[in-house]
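According to Swiss-Prot, the protein carries these features:
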- 44-84: region 'Disordered' (REGION)
- 44-58: compositional bias 'Polar residues' (COMPBIAS)
- 399-474: region 'Disordered' (REGION)
- 399-419: compositional bias 'Polar residues' (COMPBIAS)
- 426-435: compositional bias 'Basic and acidic residues' (COMPBIAS)
- 458-471: compositional bias 'Basic and acidic residues' (COMPBIAS)
- 555-625: region 'Disordered' (REGION)
- 560-580: compositional bias 'Basic and acidic residues' (COMPBIAS)
- 613-625: compositional bias 'Low complexity' (COMPBIAS)
- 689-736: region 'Disordered' (REGION)
- 748-1003: domain 'Protein kinase' (DOMAIN)
- ILE754, GLY755, LEU756, GLY757, SER758, TYR759, GLY760, GLU761, VAL762, LYS775: ATP binding site (BINDING)
- ASP871: active site, proton acceptor (ACT_SITE)
- 1007-1030: region 'Disordered' (REGION)
- 1007-1023: compositional bias 'Polar residues' (COMPBIAS)
Amino acid sequence: MKVKEETLKNLGDGVVLRPVDHCSSIWSMKMNMKNFLKKLHISPNQSDEAEGSISTTKSNHHKSIDVSSSSSPRSHHSNSPEIKPFSGLSNWLSSVGHRKIPSPPNSFNAKNRAATVDDTVVVNGSEHVDLGSKDPAVEEENQIQLALELSAREDPEATQIEAIKQFSLGSCAPENSPAELIAYRYWNYNCLGYDDKILDGFYDLYGVLNASSAERIPPLLDLQGTPVSDGVTWEAVLVNRSGDSNLLRLEQMALDIAAKSRSVSSSGFVNSELVRKLAILVGDYMGGPVVHPESMLRAWRSLSYSLKATLGSMVLPLGSLTIGLARHRALLFKVLCDSVGVPCRIVKGQQYTGSEDVAMNFIKADDGREYIVDLMGDPGTLIPADAAGLQIDYDESAYSASPGDNDSIHVASSSNGIESSYEENTEFRTGEHRSSTKSSGERNQSGGGGDLIVHPNISREDVKNQKKVEKAPFQNLSSRPIHSFTHMRSPSWTEGVSSPAAQRMKVKDVSQYMIDAAKENPRLAQKLHDVLLESGVVAPPNLFSEVYPQQLEATVESKNSTEAKKERGKDLETTQEGRHQNGFGPVRFLPPLPRVQSKTNAHDQRDNGKVVSQSDSSHSEASSTEYARTVPAAVAAAAVVASSMVAAAAAKSANSDSSPIELPAAAAATATAAAVVATAAAVSRQLELGSNSDGDDGSGGHEPQGSGDSNHGPNSGGERISDKSIGNESSKSDCDDVSDCEILWEEITVGERIGLGSYGEVYRGDWHGTEVAVKKFLDQDLTGEALEEFRSEVRIMKKLRHPNIVLFMGAVTRPPNLSIVTEFLPRGSLYRLIHRPNNQLDERRRLRMALDAARGMNYLHSCNPMIVHRDLKSPNLLVDKNWVVKVCDFGLSRMKHSTYLSSKSTAGTAEWMAPEVLRNEPADEKCDVYSYGVILWELFTLQQPWGKMNPMQVVGAVGFQHRRLDIPDFVDPAIADLISKCWQTDSKLRPSFAEIMASLKRLQKPVTGSNIPRPVPSSSSLPTEHEQKD
């Protein structure tokens, strides 16, 4: 039987279906549809509830939210309007072909859709059949209708697959506005990317609505219709410029700021200064800097109650919030950035920030780097995203269901979030976005929208015309943020991954110590920013495989400085590796293991030491030196620039009778981050000659041992200050190579992995019958100049010989097996020996260990050029089979990926760092003395320094609150006095290692007291332990 050629129309959808002329076709489609419905697990007589209901049904993957208790499911009387068994599904299927991605819940625009649904469908031109009936014939007609809709698609099979996927995801109707789509994405995924623009109609819903597991955001109309009540546990903020004059005024102010910012942008693009001004505008409008979180929280609650009572709605206009918490400020900042065309990303929630009620903004400044914008503690401060990657396991019980209660926990921690990324000159990765640092011209074409060229007469329309707001489509499941995986760093190379106990540490407020310090020091946030900015610099483009050649042109200065640097490499005869270059720990991101976002932080603290040069070269220009004095921190991403600046400063210093030049922190930080590209090629050649003068010191007393463990300290091998070479001798190093210390990878038998460090893995190995430790770098893509600098470091390390320095045996200098081979020390690190449960170290042995460490450090400080460790800590002191302590990780600190705030291991780095280093102030070799004082404290208290604090808290306590570890009464007074001297705030008052050695030797012979108090965890009173004989 043929079906008449007429249109079958679904009145709820308005979809016109094509006629089918043959029974066989109809029957085939009916059978296919039945199979399709079976796949969807939908029975033919199943009916849907009204889509306009606020209480939505539970789905597999999402949580539903009950907004109003007054709404209820629609009754199913025959004379009541209702959604027919398949009309809703048909509507949904018909939209699949037009929709690329999931959309918000089908509760949106429910009222409009319900009005268009009719109770009947025309069949054969005359019959009106109630779709709610149980008539099999009607059910078959419905199946035919669905099959016909599918057949109208270009690719029915692909459409079915997409339909099943979307249905399982609980997708929504296609009639939603772009603003609703973005609101749903922000609510569901907790983040909006650089491409996502906040439009009128966007609303941010926060709070616990019900315990259902379905994930459907309620429509705005339902939220606005909810009566004001103290019992409501959610809040909503609406962006609606047409009804929010305050928001319009703020946007106009932002446009005015953008117009004026052109004068401070040398490249013509919006720079970080504009971002700071926008942040200040947001902070000032929403209550100013947060000094007392409790007061801010009380003010917010008072304003919230007042607005709800005045407006008679639970939905508050964004512009009406003159007091704002972190999530409100972040939303306003994102809106203002969108209005002026500044790329901005916003994230919120536990996954990104460590708290459900905190939101943060990320921007890409004119240097191509990504920064977290502080809108709370010190509005306008930019913190590099890679330097805030602190990882903490939060106590879930600390967060209550009420948004008001949640507010009290992290009200002032918007910039202290836990989400970290590694963009820099590498690729930034989150689950939804991956960006690379590009040149200024390229950023205009990037996904983030790029920088906006601002003209003095800029207006709102100009901005809109120049940067059209694109309707952000719903991304697929890959847009869900990928959970961050941190490459764990152990205190010692031989100790493996960090202990679970440290990772289980619960912290209610990651920034509590910083907040306390801020009360005493209003400039704390800015200072902290400087510290983090220092530590988050990344290596130059040609260093890693993830970086592409075109990124080398990130700035004009970068390109020019690179050429100048090559020129100096041919002619410059001075060695200018200043102390600040020694920190060159490349803040590299995650190993090429899983390509996930890496969490790192600034471990390398580059000290602004003096640049001393004894050569007579004068090839640098005064202008370069002047640039070195004034270089802004934003240029730190171009590592090559810093090397050129250091060279220029050194050359000028050589021709001047005045005191040596101290470079600014930015130059030091840049050099530090340059992995093994710390200096120019000429410097590498000079270092070879400089090493010859002192390389044999102490060689006779060396005893073979091995250890290759430990995380290489941030500034170790780069600590050379000067070189004695002059004249034509420097050219001889051109022909020098590392062939005499190069080891072929094939000659090494690699065994089990014994450690996981900050820049690689450590394996136990055998080399020609000798037990060795093989430190294999995670970054195997060093080429050209970077590889040459690595070899230069190898040349320096091979010259060091001392009984208390870990023996360097050779290196594999050819990718893909770049490795360092050292002696193997079977007892591992001093840290592990001190803090293991059954410690058998008596006082006499610990005193000898302290003396060993002092001898090793005194040797490094006596080298010419001087070697400053800058990451001296008990995990970097290794113990051989004879209990002799040796210093390690002083030569390859530039290879470090992790930084002092990023460690999740039981021993970070901030715990041992000097306060001036934590504050990003100029530091010299005396910073090692402070670190040694902490090691002394460890040895004679047998406790872990700052064991109950995370690294960020240590930064605040030591660096800004001037706190020191408590020295127990049972510690020998002479030792206690020596520790106190090592911890002097003024580094000039700290003793040298020679003086420390003299003090310890006086204590070595007469050992008084046979009982050693033993520490008890979380107790100030320590029991005693009988002295063990050697």
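Cβ coordinates are placed from backbone N, Cα and C, and glycine is handled just like the others.
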VAL762 (ATP binding site) and ASP871 (active site, proton acceptor), Cα-Cα, nearest whole angstrom: 19
Candidate with the highest Cβ count within 10 Å, taken from the binding-site residues ILE754, LEU756, VAL762: VAL762
Neighbour count (Cβ, 10 Å) for ASP871 (active site, proton acceptor): 32
Cβ neighbour count (within 10 Å, all chains shown) around GLY760 (ATP binding site): 26
